[in-house]
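A quick write-up on the structure given underneath.
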């Protein structure tokens, strides 16, 4: 169903209306492999139709993400920031550009990106660009006036400084070997309530010892674990619904696993999840982030980024340093491309020392 470009009198309300429609469309087109409760997704779709403020849209998108539509915030945050920019600019300026959606052009979007993405990482800036391109491409296809004509923006954002350049090889934040040992000790030392102690310690240790992604760990099921010859083989459902297996020495987690499985029997577990809250639902990535950050602070190891993904980088760095095998890193982490794994060669101390010693050779 197509809609007039400007149904309402206020251009900021019209912009919000289109953002809501686009986000609803994205909710139906994003990967739903992590969705466990379809009813929650239906609720979100219905609420997106009714949302009449940016705060309501933000709330619904968070709910959709928690329901398993993990990529929705990649679009929601930039677009709601653009709505904020458009609304503020309309109030404090007398420029006619903000009196109609038809006046939105590349210049305005470049100004928005310049103001709102300063200090953000290149990857985040690219997400802003992708979200804007997605929105205006959607509007191009979905708007139609009473004469069945559409207003076409044809936004490309090809010449935006700092957004189109190559991402380069930014070194990921990680813990070195000694710091990882300290972090592991802190997992056991930090105080936790009896109900979550075994669960949280088990969850975080599995991530440390395998390097799996946080959402992969949160979706693990008991049937994914096989014990043989003192090792657990863990079947992981990764990106693109691709499966891979990792191995973990049983002694690292065995006592915690037994303790948690006893506690877990008290909960109405849904979908055979290994890790769940007291309602039986999956834990959120936000909760996991807070728990990891709490342990990092306790250990005195605070970094720029303190979530579970840093533990993944730490595992990969240590794996490459000890084995010097990029294929092994790629397979263990589930990277689709070897180039993604190549970043960890920058942490190869042996190679760096060899480079530094060339001036001492005859």
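Cβ coordinates are placed from backbone N, Cα and C, and glycine is handled just like the others.
Annotation note: residue 213 (active site) sits in a coil segment as assigned by DSSP. Summarising the annotation, Swiss-Prot assigns active site to 213 (among others).
If you look up Swiss-Prot, you'll see 239 (among others) marked as active site.
Per Swiss-Prot, the feature active site maps to 309 (among others). Here residue 309 (active site) comes close to 213, 214: these same-chain residues lie at least six apart in sequence, with C-beta atoms under 8 angstroms from its C-beta. Secondary structure from DSSP puts residue 309 (active site) in a helix.
Sequence annotations record features per position, and here Swiss-Prot assigns active site to 312 (among others).
What Swiss-Prot lists as active site is 335 (among others), and the listing cites sequence analysis.
As annotated by Swiss-Prot, active site, O-(3'-phospho-DNA)-tyrosine intermediate applies to 344, with the evidence given as sequence analysis.
Positions annotated as domain 'Core-binding (CB)' by Swiss-Prot: 43-140.
The feature domain 'Tyr recombinase' is assigned by Swiss-Prot to 170-357, with sequence analysis given as support.
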Per-residue pLDDT averaged over the domain 'Core-binding (CB)' (43-140) comes to what?
90
For residue 239 (active site), the three-state DSSP class is helix
Counting only other Cβ atoms and using a 10 Å cut-off, which of the active-site residues 239, 312 scores lowest?
239
Just to verify a number: CA distance, residue 239 (active site) to residue 312 (active site), in angstrom, no decimals.
15
